[in-house]
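Student: Checked TrEMBL, it gives:
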| type | residues | note |
| --- | --- | --- |
| DOMAIN | 80-191 | domain 'SLC26A/SulP transporter' |
| DOMAIN | 195-287 | domain 'SLC26A/SulP transporter' |
| TRANSMEM | 72-95 | transmembrane segment |
| TRANSMEM | 107-126 | transmembrane segment |
| TRANSMEM | 132-151 | transmembrane segment |
| TRANSMEM | 163-183 | transmembrane segment |
| TRANSMEM | 189-210 | transmembrane segment |
| TRANSMEM | 217-236 | transmembrane segment |
| TRANSMEM | 256-278 | transmembrane segment |
């Protein structure tokens, strides 16, 4: 069958232009070249390698988790004086307040001191705010007392301090979990009522005076997780003690250690004197 005229014209044009219409050569593949579109099948080793943090990332993570690493190297005498004044002043206020709040929680007064000691001592490691002190507060203590009464009505054999410590561990675990998952934005949804009442109060009291919600979740969660091992019950940041710290010229979160030392001295040196404190005076501390 003769070729069509169009085909013959096309072939003549190709010969005039000197084009080669032979079979195409197979493309050269360079799987390792920078412009290769060939993807290797991923392996478990590749996944682990891509998700393993580098040394700078690990360092940045610990600096963010322990903010004191950023300022402790610059600590000086002037800061120490401000922290001493604020720490001793807050410690003097915390002692009667903690005993009064323990009464609200239906616990012996010494458990308020235990909570104040552990809260002040542990918090400064994770603190993003120099003004906050983790201690018992009135609303939280009232909640603990109501929960304690309800639980003992069903299980009278369980001591009150055990119930309060278990509640602190539960609340601390929830808040620390939120912090480690970087869920600080959850404060925007507190009104939805998705959390237990004690956890909501613990968060609201604290975040209102904090700076970094995510890291403060970790701080308050770990404080409440470790505190019960020395007899503490749920504690959080306090507006009144925060104001006192600010007025006293606090410089760094290290003032929490000084407050903890003051409370520790009270626990060991003043129990005999606490016996003579009338409960009416502790009530006045709460009403103030």
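Just so you know, glycine gets a Cβ as well, placed from its N, Cα and C.
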Student: Is it possible to list how many residues within the domain 'SLC26A/SulP transporter' (80-191) are helical, extended or coil according to DSSP?
Tutor: 89 helix, 2 strand, 21 coil
Student: Tell me, please, if the transmembrane segment (72-95) and the transmembrane segment (217-236) are in contact, taking contact as 3+ Cβ pairs under 8 Å between residues separated by 6 or more positions?
Tutor: no
Student: Average pLDDT across the domain 'SLC26A/SulP transporter' (195-287)?
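Tutor: Looking only at the domain 'SLC26A/SulP transporter' (195-287), pLDDT averages out to 77.
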Student: Could you check whether the transmembrane segment (217-236) and the transmembrane segment (163-183) come into contact, where contact means at least 3 Cβ pairs under 8 Å with the two residues of each pair 6 or more apart in sequence?
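Tutor: In this chain the transmembrane segment (217-236) contacts the transmembrane segment (163-183) - 3 or more Cβ pairs sit under 8 Å.
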Student: Of the listed stretches 107-126, 163-183, 256-278, which one has the most C-beta pairs under 8 A with the transmembrane segment (132-151)?
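Tutor: By the under-8 Å Cβ criterion, the transmembrane segment (132-151) pairs most with 107-126.
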Student: Which bits of the chain, at least 6 residues beyond where the transmembrane segment (163-183) starts or stops, bring a Cβ under 8 A of a Cβ in it?
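Tutor: Contacts of the transmembrane segment (163-183) (Cβ under 8 Å, skipping residues fewer than 6 from its ends): 105, 107, 111, 144, 147-148, 151-152, 195-196, 198-199, 202-203, 214-228, 231-235.
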